[in-house]
């Protein structure tokens, strides 16, 4: 599939450098803020994503957008060799400090790319990070490149609830979440960006189609929390 490509993050007027600064600013209170804003569901979503990935001991796993290492730790407990990457040095420093007891985690600071050889990993996990990439399909195709044939990809992202939940969800995103963020976050503006990026995100079938366009197969998805979050699972096709 060729060499790795650099995917610059440009979403809602923000470039990679701006997004890096934003995550550096929110890093210290990131986990606590997410727990409150998700009504204690954040940890549940992450566990569900890791369970769907189905990792076993000895596998090579890439955690994209590892952040403070919340999902990375869960994967590492399986005995897999985990590489956690992120664009924020502050996030990764917190992750390193919290995961010192894990000898099977390697941390790497990146610039929004996947700087790895072809067919490097058995599985890839992306939890709440794909929205921050401008060229979503290009990034997913690069993920296919670094996966081994038959390798698994799981994407956990915010989604769009349907039917009676949708209007209440929009009300929360536009009015409640920003006000809560002002009370508990070190950077409320970052959560305005969060709202915008969620509202502009793809429908579940649209993301599934992009995965298939990149050569992924057996694509499926699962909705969580009345559709506020969706998990996508796909396999890289054979050679």
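Note that Cβ sites are derived from N, Cα and C of the backbone, with glycine treated the same way.
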- Query: Among 86, 187, 200, which is the one Swiss-Prot gives for the S-adenosyl-L-methionine site where 68, 111, 112 also bind?
  - Reply: 86
- Query: How far apart, in angstrom, are the most distant Cα atoms among the S-adenosyl-L-methionine-binding residues 68, 86, 111, 112?
  - Reply: 17
- Cβ neighbour count (within 10 Å, all chains shown) around residue 112 (S-adenosyl-L-methionine binding site): 24
- Note on the structure: In the three-state DSSP scheme, residue 86 (S-adenosyl-L-methionine binding site) belongs to strand
- Row residue 68 (S-adenosyl-L-methionine binding site), column other C-beta within 10 angstroms, all chains, value 26
- Query: Which residues, sitting 6 or more apart from residue 86 (S-adenosyl-L-methionine binding site) on the same chain, put a CB under 8 Å from its CB?
  - Reply: 23, 65, 66, 67, 92, 95, 109, 110
